[in-house]
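Inspection log for the structure reproduced underneath, given as structure tokens.
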Amino acid sequence: MYYSRFLVPVVAFFSTTLAVPHPANLPRQSRPDNHTLNRERADAVKAAFTYAWDGYYKYAFPNDELHPITNSFSNSRNGWGASAVDAFSTALVMQIQPIVTEILNYIPTIDFDHTSSQVSLFETTIRYLGGMLSGYDFLTGPLANLASNATAVPLILKQAQRLADNLAYAFDTPTGIPSNNLNFPNGTDGSTTNGIATIGTLVLEWTHLSDLTGNQKYAELSQKGESYLLSPKPASSEPWPGLIGTNVDINTGLFQDAEGGWVGGDDSFYEYLIKMYVYDSTKYASYRDRWILAADSSIAHLASHPSTRPDLTFLAMFNGQERLFVSEHLACFDGGSFLLGGLVLKEQKYIDFGLALVNGCHDTYVSTLTGIGPEVFRWVENGTSPTDADNPPPSADQAAFYKTAGFYITNGNYILRPEVIESFYYAFRATGDQIYRDWAWNAFVAINSTCAVGSGFAELQNVNAPNGGGYNDFQDSFLFAEVLKYSYLIHAPDNVWQVEHSGVNEWVFNTEAHPFKVNGPPI
Ligand SMILES: *[C@@H]1O[C@H](CO)[C@@H](O)[C@H](O)[C@H]1NC(C)=O
Ligand SMILES: *[C@@H]1O[C@H](CO)[C@@H](O)[C@H](O)[C@H]1NC(C)=O
Ligand SMILES: *[C@@H]1O[C@H](CO)[C@@H](O)[C@H](O)[C@H]1NC(C)=O
Ligand SMILES: *[C@@H]1O[C@H](CO)[C@@H](O)[C@H](O)[C@H]1NC(C)=O
Ligand SMILES: *[C@@H]1O[C@H](CO)[C@@H](O)[C@H](O)[C@H]1NC(C)=O
């Protein structure tokens, strides 16, 4: 069992938290660990990974992603083999030598100098750069025994550096805030703004590249862009301390709005504030302080309880100080972020709040016909005016669903996203409570039984229709990087790369779930 260092004993922890205002959402009693059961579950997830890899390798490799129904492929991520690079760190933690070897031998052959399509600085950083740096950390560290080709290992870091060198002109703007949409070798799409997620989700990868290569250029470029997010201007773009707008002018550094939340477009900016502190607590205390401001403001101003289910907690979005009762599958990483913050800052209030958020996102899974949560959902609070155009009540056909579920669905797609299972993983690592393993297992079984089709996993059109309402023939690379990694790690034996291993974090996961070895003393 992996109790957090300051939550022992777990029973006492639960009895304390039962005093908080939303008790029904907190986990039930801890149950004894069953090693046989956990091994069987970990093996079943590994089997699903191997099945999806085999389909991709047969019909799509070295293209970006598999179309599992038609056994064809596409290149939505520049044709550099996104699924292979994204699968790398998962194959490593699962210790599947043949797949590790295939990817290890492939990476040195990628031509990162050329592509026929627009390059996203953000997506390329989190998937390709993240995947390669993580693989390099493992193969030069605790999984060196899987380095079947010693010549290829240093070439992984070389490829990461080559890719970053090709991307670096993105930062060549009047402020140093990068352009996101690039046309290689030196053009952009001409946008004059960029968003806080795409600006603020580079620092971990680019700083780690500097620490591995000894060339500080990459860290400096990414941290210059980030500096405008840490001190946002004008003041009106920060409606509550730490909570900031979304779009920033890359020529002036000024925010263009005061609209945001923990949702897509903003999400991993907040995620990386605390993760930079985990990565090196001796250097990034200022990031930690911004996370604390955002976390405290979120508890004070964004925490919201649906009118029909006061036991549930979701985070609202905001526009200025107006709150919008809408959230997303993407935003369900929030529970995990509060839990990680609570662990490393030793603050029980963040653990408690994180578990409440995890419980709310669990509800979005168990309330639907498929047992999988929707892409976008809404709710209203007691006292929300029925004529509030920004916070409309559910339509008549969703009224009954809203009454029992506490949310209603405005986009029912499921595109193989990981965030709910990701937060279950943090909840388990923080509390040691088997209930979170059961929740993750149930989610995995639902995904495996509803999305598996043809040679892999496909997206669903409606999580609240029988069989998911039909498929979209697309298997995004993050199925490999994230869904199957978190589904596996929650049941897997303890190891140094696991969150809160022996009471500290020796590794930190990038937003694509690629684990990096931390640079500072583990906290
Ligand atoms: C552990 O799980 C296995 C199923 O994998 C089950 O057969 C066994 O009874 C469980 N043991 C306990 C003590 O619950
Ligand atoms: C090992 O890696 C080197 C460098 O990328 C490559 O030239 C060689 O072909 C690889 N070996 C195998 C067996 O693939
Ligand atoms: C951009 O790249 C093109 C094609 O390689 C080249 O002709 C052009 O001179 C470059 N422009 C700049 C400003 O570097
Ligand atoms: C909303 O009001 C109803 C009726 O007064 C009450 O039962 C419910 O607990 C309230 N919900 C919240 C979130 O306060
Ligand atoms: C996952 O689905 C496959 C069929 O696609 C099935 O063979 C396997 O048993 C399923 N795994 C679990 C754990 O349900």
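Just so you know, glycine gets a Cβ as well, placed from its N, Cα and C.
Automated prediction, rather than curation, is the source of TrEMBL annotations.
Record features (TrEMBL):
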type	residues	note
SIGNAL	1-19	signal peptide
ACT_SITE	Glu123	active site, proton donor
ACT_SITE	Asp267	active site
DISULFID	Cys332-Cys361	disulfide bond
ACT_SITE	Glu375	active site, proton donor
ACT_SITE	Glu419	active site
BINDING	Thr511	Ca(2+) binding site
| field | From Glu123, Glu419, Thr511, the recorded positions whose CA lies within 10 Å of that of Cys332 (disulfide bond) | value | Glu419
| Of the active-site residues listed as Asp267, Glu375, Glu419, the one whose CA lies nearest the CA of Cys361 (disulfide bond) | Glu419
| task | Could you round the CA separation between the residue listed as 'Ca(2+) binding site' and Glu375 (active site, proton donor) to a whole angstrom and send it over? | result | 18
| task | State the three-class DSSP label for Glu123 (active site, proton donor), counting H, G and I as helix, E and B as strand, and everything else as coil. | result | helix
| message | Rounded to a whole angstrom, what is the C-alpha distance between Glu419 (active site) and Glu375 (active site, proton donor)? | response | 11
| Cβ contacts of Glu123 (active site, proton donor) (under 8 Å, same chain, 6 or more positions away) | Arg77
| field | DSSP state at Cys361 (disulfide bond), helix/strand/coil | value | helix
| said: Restricting to the chain of Asp267 (active site) and a gap of 6 or more, list residues whose Cβ falls under 8 Å of its Cβ, or answer none. | reply: Ala197, Leu330, Ala331, Phe333, Thr511
